[in-house]
Amino acid sequence: MPEALDASPYDALLLLSFGGPEGPDDVVPFLENVTRGRGIPRERLKEVGQHYFLFGGISPINDQNRALLDALRKDFAEHGLNLPVYWGNRNWAPYLTDTLREMAADGRRRILVLATSAYASYSGCRQYRENLAGALATLEAEGLEVPRVDKLRHYFNHPGFVEPMTEGVLRSLAELPEDVRPGAHIAFTTHSIPTAAADTSGPVEEHGDGGAYVKQHLDVARLIADAVREETGIDHPWQLVYQSRSGAPHIPWLEPDICDHLQELHGAGVPAVVMAPIGFVSDHMEVLYDLDTEAKAKAEELGLPVRRSATVGADARFAAAVRELVVERAAVESGQKVTPCALGALGPSHQLCPVGCCPARAPKPAAAGADSPYA
């Protein structure tokens, strides 16, 4: 039996994710949840939902999260970490509020949260914290005992996140035709967000103008590119590019878009491309449609050989990283001195989101941070 690891004061881990439809009848109601409050007509949502209908109305994110749950539980058991793992979503079943209600009924009083977003941004961090605050307020209104909730730090530069992606890029390069492989370009991709949101991501005192979102992605891209060079002896050119833009066209978002980037690379005579979706934990719809369908169609139109590397998903190294992050945060809460594990130039992220981190346009209460009403 492995020596028991101590997660106290925590008594549960919550995997918190975006959610997605599980069949055609779920697509429009799911999109109504995603766009709630924006007044988007149902007919327009049916048009937007075509991405999901192409895949039978099923988002891959749910099975990806189920696989991650299994990987986490397996890793915890193998390493003597007695910590139950639950799952809740922002936009679809199992809904976050229902899961927290279940956890409260099970007697869970100190909960750690793993969000399926590795980087600092409003949509990837603070919005989840707002969701947590809203769910806890519901429990409070129902007269239930409200658990204390903390969130694991950003893990974008943890070895257990970076190394599987590096391996995926190397594998994709090896899959390219041998005659074009040496000149291949690596396009590191992530979700585009409004430039205003990017500029205010993370604590301003840490990241200044430009925010944490882009800087964190660039740090990961450099780590992977450097590791690829060490392994192959080839200094492949690379760039951070964006995908999955939405919203009003007059609002500036991060650019260039991956399809525009492929067009530019083709015009410059680049012989092949590896698309590396470093901004995503798993192969969900933005990866399967925007890269595997749309971007690959663009590359085929251009006659440009392209491969898409794998996301981390349920890789055992990522599950191990989560275990390490849990033990690390538990030690911090117990007053122990810890040395957080992190690669790259930026170092480990903060354990507790400070006041004013990743602000929203309309401020809302947010749990699991220095400004939490549920400390």
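Backbone N, Cα and C atoms are what each Cβ position is placed from, and that goes for glycine too.
Note on Ser59 (Fe-coproporphyrin III binding site): other Cβ atoms within 10 Å of its Cβ, all shown chains, come to 25. Per Swiss-Prot, Fe-coproporphyrin III binding site is recorded for Ser59, Tyr128.
According to Swiss-Prot, the Fe(2+) binding site annotation covers His191, Glu286, on the basis of sequence analysis. Reduced to three states, the DSSP call for His191 (Fe(2+) binding site) is strand. His191 (Fe(2+) binding site): 23 other CB atoms within 10 A of its CB, across all protein chains.
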One should report the C-alpha separation between Ser59 (Fe-coproporphyrin III binding site) and Glu286 (Fe(2+) binding site), rounded to whole angstrom, as 10
Do any residues at least six apart in sequence from Glu286 (Fe(2+) binding site), in the same chain, have a Cβ closer than 8 Å to its Cβ, and if so which, in order?
-> His191, Gln243, Ser244, Phe280
For Tyr128 (Fe-coproporphyrin III binding site), nearby residues of its own chain (Cβ under 8 Å, 6 or more apart in sequence) = Leu16, Arg90, Val113, Ala115, Ser117, Lys151
Helix, strand or coil: which one is Ser59 (Fe-coproporphyrin III binding site) in, per DSSP?
-> coil
